[in-house]
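Listed in Swiss-Prot:
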type	residues	note
ACT_SITE	Ser480	active site, proton acceptor
BINDING	Cys53, Cys126, Cys203	[2Fe-2S] cluster binding site
BINDING	Asp85, Asp127, Lys128, Glu454	Mg(2+) binding site
MOD_RES	Lys128	N6-carboxylysine
Amino acid sequence: MPEIDMKPRSRDVTDGIEATAARGMLRAVGMGDEDWAKPQIGVASSWSEITPCNLSLDRLAQGAKEGVHAGGGYPLQFGTISVSDGISMGHEGMHFSLVSREVIADSVETVMMAERLDGSVLLAGCDKSLPGMLMAAARLDLSSVFLYAGSIAPGWVKLSDGTEKEVTIIDAFEAVGACKAGTMSQEDLTRIEKAICPGEGACGGMYTANTMASVAEALGMSLPGSAAPPSADRRRDYFAHRSGEAVVNLIAEGITARDIMTKEAFENAISVVMAFGGSTNAVLHLLAIAREAEVDLQLSDFNRIADRVPHLGDLKPFGRFVMNDVDRVGGVPVVMKALLDAGLLHGDVMTVTGRTMRENLEAMDLAELDGTVIRKMDDPIHATGGISVLHGSLAPEGAVVKTAGFDLDVFEGPARVFERERAAMDALTEGLISKGDVIVIRYEGPKGGPGMREMLAITGAIKGAGLGKDVLLLTDGRFSGGTTGLCIGHMAPEAVDAGPVAFVRDGDRIRVDIAARTLDLLVDEAELAARREGWAPLPPRYTRGVLAKYAKLVHSAAEGAITG
């Protein structure tokens, strides 16, 4: 077996007389003669002070750097951006959320390539920073380890009537709807506002950040057991140190990201998402990460896996528990062990430990599924996975629904069509939405939005208004991991690309059949053909800046809304 080169790229900046200037620069940041033989490890962090999701990352980056030193490498820390979905929700800022995923992946690639770093520890806390980091790892195909910031503890609120309960940020969005509908006082709304975020960490339910942290662990890109501990828990510092050591070991063993992120690993990740009832955003992000890893992952793979993996997690937004509770009952490895024992995971895939997933799980002292937070395999919440991909005349390329929270098998009703989210929110506030309506929000897709905004503001308001189980919401945009209710997103083709959603009119009958996985517009083809005559999309909202660039490059949601 050929000898492993511990410095597959950094030799460009440390070896020979031509690297004299580069070595001089590196001496100025602390390196010396004894360090030139060490692999250089990029420690990339999306730390910021803008949101609690990322507050732990500066601390964890220091731990990762210490681990790199202990493993025999030399760490070099750099930063990238992060966008807070909780802050940017419901206004113009949400156009920039999904775009940030691409900026993160591109910026990490740029630094890693320009500075000739040999491997990376990638740290993230917010929704889009997790897939952005994993996309960068897959694209670069270097030795890489991902580390999650950890989730926030749930808040506790006492309302004016004496009621006390746990709350998360999603309760705030729903409380806004209740306040507007006159069913909650401004005083209670303020009490909830003050309680939802008691400290650092990402949103606490099985929303997008925790879903993608579970994905990273199931993919094998994070250390076993590292996804579930809360942000403030000092076990995270242990995992940070171990992650730094692990990346140097991966270089020594010649293991790179694509050795880990195989088709089987992606199937494992999908299985874990289905079992937890995770965020629909996982579909979009897994497609994009797989594309970077040159893995052929299709929407059909999600339905195939959902058919055999039961939904076990009684987790918010639809259930009762949060990620802290998952940690309390054993974390992601407990779920993976149960799925593996049931023959629902590939055990022989490689992981960042340098061992297979099966070997990792066998080395851990794991409890059985607790039966409450995570239901037993023979007593699932649903017999099939928590996400389905629909097809039909209204979504020929597909649409995504979180079946974990969809209480009806069939819903049929008249369309109420809105150009973008604001118009729908105004109609709801004015009391113009009725039970049985199918709300259609279009021109919110990857290109037409642009940016494929999340519709949490409108879905929270719908639930707060008491209509959460009585109206169906369809969009070519997407939904927050915290969205509840009858919601179908990612409709493709999107409106700006002349998808069928562009030609829906008020009063058209729309039918969704969850069991059959169909979504249909009940309008005959001759009528639709007449509507297409002379049609033109809405003009672009942005003609300059990052969103204008993004709109020109982005692909369909059915392909993960990639830009490459």
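Here, residue 1 is simply the first one shown, and the rest follow in order.
Glycine residues also receive a Cβ, built from the backbone N, Cα and C atoms like all the rest.
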Check: recorded positions Asp127, Lys128, Ser480: which have a Cα within 10 Å of Cys203 ([2Fe-2S] cluster binding site)?
Finding: Asp127
Margin query: Under DSSP, is Asp85 (Mg(2+) binding site) part of a helix or a strand, or is it coil?
Written below: helix
Checklist line | Chain-mates of Asp85, Asp127, Lys128, Glu454 with C-beta within 8 Å of site centroid, Mg(2+) | finding: Val83, Ser88, Ser97, Leu98, Cys126, Thr208, Asn281, Ser480, Gly481
Note to self: To see if you understand the setup: which same-chain residues, six or more apart in sequence, place their Cβ under 8 Å from that of Glu454 (Mg(2+) binding site)?
What the structure shows: Asp85, Met89, Met94, Ser97, Gly477, Arg478, Phe479, Ser480, Thr483
Check: Where Cys53 ([2Fe-2S] cluster binding site) and Asp127 (Mg(2+) binding site) are concerned, what is their Cα separation in Å, rounded?
Finding: 9
Notebook entry, point to check: Including all protein chains shown, what's the count of other C-beta atoms within 10 A of the C-beta of Lys128 (Mg(2+) binding site)?
Noted result: 29
Next item on the list: Could you say whether, by DSSP, Cys53 ([2Fe-2S] cluster binding site) belongs to a helix, a strand or a coil region?
Entry: helix
Next item on the list: According to DSSP, folded down to helix, strand and coil, what is the residue listed as 'active site, proton acceptor'?
Entry: coil
Notebook entry, point to check: Residues near the [2Fe-2S] cluster site, Cys53, Cys126, Cys203 excluded, by Cβ within 8 Å of the Cβ center?
Noted result: Thr51, Pro52, Asn54, Ser84, Asp85, Gly86, Gly125, Asp127, Ala149, Gly201, Ala202, Ala209
Item checked: Spatial neighbours of Cys126 ([2Fe-2S] cluster binding site) that are distant in sequence (at least 6 apart) but have CB under 8 A -> Ser46, Thr51, Cys53, Asn54, Ser82, Val83, Ser84, Asp85, Ala202, Ala209
Item checked: binding-site residues listed as Asp85, Asp127, least Cβ neighbours within 10 Å -> Asp85
